[in-house]
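What Swiss-Prot says about this protein:
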- 1-448: topological domain 'Cytoplasmic' (TOPO_DOM)
- 19-29: compositional bias 'Acidic residues' (COMPBIAS)
- 100-129: repeat 'ANK 1' (REPEAT)
- 135-164: repeat 'ANK 2' (REPEAT)
- Glu147, Asp872: Ca(2+) 1 binding site (BINDING)
- 166-192: repeat 'ANK 3' (REPEAT)
- 449-466: transmembrane segment (TRANSMEM)
- 467-497: topological domain 'Extracellular' (TOPO_DOM)
- 498-516: transmembrane segment (TRANSMEM)
- Glu514, Glu517, Asn532: Ca(2+) 2 binding site (BINDING)
- 517-529: topological domain 'Cytoplasmic' (TOPO_DOM)
- 530-551: transmembrane segment (TRANSMEM)
- 552-595: topological domain 'Extracellular' (TOPO_DOM)
- 596-619: transmembrane segment (TRANSMEM)
- 620-638: topological domain 'Cytoplasmic' (TOPO_DOM)
- 639-662: transmembrane segment (TRANSMEM)
- 663-702: topological domain 'Extracellular' (TOPO_DOM)
- 703-728: transmembrane segment (TRANSMEM)
- 729-910: topological domain 'Cytoplasmic' (TOPO_DOM)
Amino acid sequence: MSTKVKKCREPARVTLPAPEEEEDGEAEGGESQRRRRGWRGVNGGLEPPCPRAPPSPGPDASSEGSPSRWRTAGMRDKGRRQAVRGPAFMFGARGPSLTAEEERFLDAAEYGNIPVVRKMLEESRTLNVNCVDYMGQNALQLAVGNEHLEVTELLLKKENLARIGDALLLAISKGYVRIVEAILGHPGFAASRRLTLSPCEQELRDDDFYAYDEDGTRFSPDITPIILAAHCHKYEVVHLLLLKGARIERPHDYFCRCSDCAEKQRLDAFSHSRSRINAYKGLASPAYLSLSSEDPVLTALELSNELAKLANIEKEFKNDYRKLSMQCKDFVVGVLDLCRDSEEVEAILNGDLESAEPLERHGHKASLSRVKLAIKYEVKKFVAHPNCQQQLLTIWYENLSGLREQTIAIKCLVVLVVALGLPFLAIGYWIAPCSRLGKILRSPFMKFVAHAASFIIFLGLLVFNASDRFEGITTLPNITVIDYPKQIFRVKTTQFTWTEMLIMVWVLGMMWSECKELWLEGPREYIVQLWNVLDFGMLSIFIAAFTARFLAFLQATKAQQYVDSHVQESDLSEVTLPPEVQYFTYARDKWLPSDPQIISEGLYAIAVVLSFSRIAYILPANESFGPLQISLGRTVKDIFKFMVLFIMVFLAFMIGMFILYSYYLGAKVNPAFTTVEESFKTLFWSIFGLSEVTSVVLKYDHKFIENIGYVLYGIYNVTMVVVLLNMLIAMINSSYQEIEDDSDVEWKFARSKLWLSYFDDGKTLPPPFSLVPSPKSFVYFIMRITNFSKCRRRRLQKDLELGMGNSKSRLNLFTQSNSRVFESHSFNSILNQPTRYQQIMKRLIKRYVLKAQVDKENDEVNEGELKEIKQDISSLRYELLEDKSQATEELAILIHKLSEKLNPSVLRCE
C-alpha cells in the first residue's frame, strides 16, 4: 500500500489565520483546530509533528509480493511505536504536517464553506487536495461525513483525488443518497469491477481506492459498497448500485474445497468466516432481496433454509445465522401481509403464472408450491398468516361451500353419514368418478373425513377382535380344547377369524397407499415426515405378525395332515406321535418361547398400540386438541434428549452395583443386583419407588460391602429421582410453555400440514377400497400409453425431416428462414413482456419498499435531523458571508465611481 507519508526534515512554520477568517468566525478556537489537525502537544500545541517513514518490507514480503503482509508488518511496527510513546501520541505520529493553506482547506471542507473551497480549488496551485488531518481523513472524506453535497461535487471534479471508495462507503453508511449519486458519477468507477471487488481485493490490484488512511479501510476489508448498503437497509442506494452492475456473490458451500476457499481458510480462517457472514447479511437484507431477485419470496425461503443449516454447522456463529434466517422469514411474512386481494395471495402461495389466474376459470387446483416449501423449511408465521390460512380454508372446503358455514353438529352428522355409507360412496365413485358425487368426494374435506372414518372402522375391528376375551378366557394356558378327537390343538388356535381377515384387508389397503406415497414423494421426502415412518412401522409390524401367524398355521396344518394320513385311532392321546407332530398338541404352557404364534401375538399387540397412537395424526384438525398434540410431540423429543443422560447414569450404577454384589448370589435378602437382569429391574423400578431398601442388605456380616451398597444406592436415587427427573419435568414444562405462548401459530402450522396432505389429486378412496382400481385408473393408464407412442412417433418424424432437409430448394429455405425470423421476433416480444406473476410481485415489492421507507422515517432519531439542519445552516452561513463580502466590494467600487464623477477636481489635484 502506498502511504503518501514523507519524512519531516524541519519543523513547519506556524501560520496564523487571515483576518478575513476571523471575520467569518473561523478564528474561534483556532488553536484547538491546529491541535486537532495533527500538531504535537508540545509548546502549547504549536509544534508540528515529525512523522516517521513507514517500515520497509522485508525480503520475504518482497519475494512474495503480498501487500497484505507488508501492511500487517507495518501496522505491527506502528503499534510498537505507539505503545512506547504512550496514548497521547496515538494519532500525532501518523499524519504529515499541514500548511496554513491545507488547514484552511480542510476546515472549509469540513464545515461546508463552499466559497472558500471553490476559490482555493480554482486559484491555488500549491494546494494538495489529498492532504489529511490528524485522523487521516482528506477533504473529500470530511465533506462526505458532514453531508456537504456542494463541496463533494467540487472536490470530485479534481483529478488524482484519493480515497473516493472510502467516501462512497461513508456516504452509504450515513444514507446520503445524493452524495452517493455524485460519487458514483466519478470516472473512477468506470473501471471494470470497481463496485464488485472488495476493498481487500482492490488493494491487492492497484491502490488505496477504498482506504480510510494508511492503516487500512474504514470497514471490514471484505465489505463492498452494495454489501454495506444492504447491511444498512438503504433501498435507494441498493437500487443505484444494482443499476451500476453491482452484485453480492453468494459464498461457496461451507465444505467447499476449491483453491480459493482453501487459500482463504489457510491464510486467515477468522477473516474468511467473517466475510461469509457479511456476505450473507447482505444477501438476507430485505433491501437486497426486494430489488435484486426476480422472485424474492422463493429466494428468501431458500436462503432462510440455507442459513438455518449453517447455524447448525458453524456453531460459533449460530446466533448470527439464526438471526439472518429469521430476517428472511420475516421478509416473506411482510410481503404476504401487503396482499390486497385473492389474486395476489394466490400468486405468492403458488409462485407461478398458472396459479396466479383465478382457479375457477381454469378448473384445476393450485400447486401451493410456496406453501409446501414454507412447511418444509418451517416458516411457521408465513403458513399461519391470516391471508394464507384464508386461502387454504377455501381450498379445504372446495365443492362444499355451504358446509363451511354450518355448525359443528351438522359437520359431525356429515362425518357419521360418510362413515356409515362409505361402501356405497365408494361404489358410486367407481361407477361415475366425474359426476357430482365424484367431485364432492374429491374435496379435501371429504377425503379427510373418508380416511378418518375408514381408520376409525379399522380401530373398531381391532377392538372387536379382542372383545371375546374382555371378561376372561375359559381355556387356561395348561388346557387344550379340540372340536373332535383327531384334531390337532394348534389347528384350532391358529385359524384366522373373519375379523382378522378384515383387519388383514385393511392393512393391505393402507400398505398400498403408503407404497404409492413413497413412489410419488421419493424415499428422502417420505422419511422426513415422522408420521410416515410411524405408519410404515405399524404396517410392517402388522404384516410380520400375520406372517408369523400364517407360518404357525401352516405348521399346524402339516401336523394335522400327518395325523389324518398316518393315525388310524380315533383318540390321539392313545397314540405316540413324532416329536415334531406331538409338539402341536401341547397346551400353551409347553410352547417354546420362539414359537411363531407367540411371536405373532407379541407383534400384534405392539401394532395395536401404534395403531391407536396414530389417532394423534388427525388431532390438529381441532383447535382444542391440536395444541395438546403438538405439546405431546415436543415432550417426546425432550424425553429422547433426556434419555442420553439417563442411560449414561443408569448404566454406570447398574454395572457398579452388579460388580459389587455379583459374588453374593444366594447370600442376599433378595436377588437384587446379583445378575445384570436383576440389577436392571431393581434400578429401573426404584425410579418409581417400587424397589426396597433391603435390596442392598447381605446375610453375611460384610458391613463394608453393605455400606458401599447403601451409599451407591442412595446416590443413585438422589441423582435419578431428585435431579434428573425434576430436570425432565422442567424441560417438558419449558416446551409446553413455548407452545402455549405461540399456540395459535403452532396449531395453524400443524393444521396446514394436515390439510396439504389431502390437497393433491389422488387418495380419493380410503383403504381398503383403494385396492380396487377404478375405471378412471384404466383410462389414465391407456392415455399414458397413447401419449408415449405419440411422442415416439414425433421423434421419428422429426428425424426424418432433418434427414430430408438437404434436398429442399433455396427458395423454401429462404421462406422458412424469413418465417422463423418473424416467429423469433414475435416470441422475443412475448418473452420481454412481464408475466402476470412478475407484475403482481412488482406491485407487492413496491408496497414493501414504500412501507419500509415510511417506517424508517418514523423511527429516525431527532438528533440526526437537528445535526443535518445545523450543517445546512453552517453552509448557508458561509454562502451569506461570501455574498456579503461580494456585495461590500461591489458597493465600494460603486462609491468610488460616484466619487470620481462628483469630485473630478479633487481627483486631479490628488
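Just so you know, glycine gets a Cβ as well, placed from its N, Cα and C.
Features as recorded by Swiss-Prot, highlighted on the structure.
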residue: Glu147; record: Ca(2+) 1 binding site; DSSP (3 states): coil
residue: Glu514; record: Ca(2+) 2 binding site; DSSP (3 states): helix
residue: Asn532; record: Ca(2+) 2 binding site; DSSP (3 states): helix
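Counting only the Cα atoms, the space from Glu514 (Ca(2+) 2 binding site) to Glu147 (Ca(2+) 1 binding site) is about 67 angstrom. The Ca(2+) 2 site, placed at the center of the C-beta atoms of Glu514, Glu517, Asn532, has further neighbours from the same chain whose C-beta lies within 8 angstroms: Ser513, Cys515, Lys516, Leu518, Glu521, Tyr526, Asp535, Phe536. Within 10 Å of the Cβ of Glu514 (Ca(2+) 2 binding site) there are 18 other Cβ atoms, across all protein chains. A Cα-Cα distance of 63 Å separates Glu517 (Ca(2+) 2 binding site) from Glu147 (Ca(2+) 1 binding site). Contact counts against the transmembrane segment (596-619), taken as Cβ pairs under 8 Å, peak for 530-551 among the stretches 498-516, 530-551, 639-662, 703-728. In the shown protein chains, 17 other C-beta atoms lie within 10 A of the C-beta of Asn532 (Ca(2+) 2 binding site). Away from its own ends, the transmembrane segment (498-516) comes close to residues 454, 457-458, 461-462, 464-465, 532, 535-536, 539, 542-543, 546, 762-763, 766-771 of its chain (Cβ-Cβ under 8 Å, at least six residues beyond either end). Distant neighbours of the topological domain 'Cytoplasmic' (620-638): 448, 728, 731-732, 735-736, 738-740, 743, 746-747, 750-751, 753-754; these residues of the same chain sit at least 6 beyond its ends, with a Cβ under 8 Å from one of its Cβ atoms. Around Glu147 (Ca(2+) 1 binding site), taking its Cβ as the centre, 20 other Cβ atoms fall within 10 Å, counting all chains. Summarised by DSSP class, the composition of the topological domain 'Extracellular' (552-595) is 28 helix, 0 strand, 16 coil. Outside the topological domain 'Extracellular' (552-595) by six or more residues, the chain places 477-480, 485-491, 493-496 with a CB less than 8 A from a CB of the stretch. Note: the CA-CA distance between Glu147 (Ca(2+) 1 binding site) and Asn532 (Ca(2+) 2 binding site) rounds to 62 Å. Remote same-chain residues near the topological domain 'Extracellular' (467-497) are listed as 504, 549, 552-553, 555-557, 559-560, 563-564, 567, 570-572, 581, 584-589, 597 (criterion: CB distance under 8 Å, separation of at least six residues from the stretch ends).
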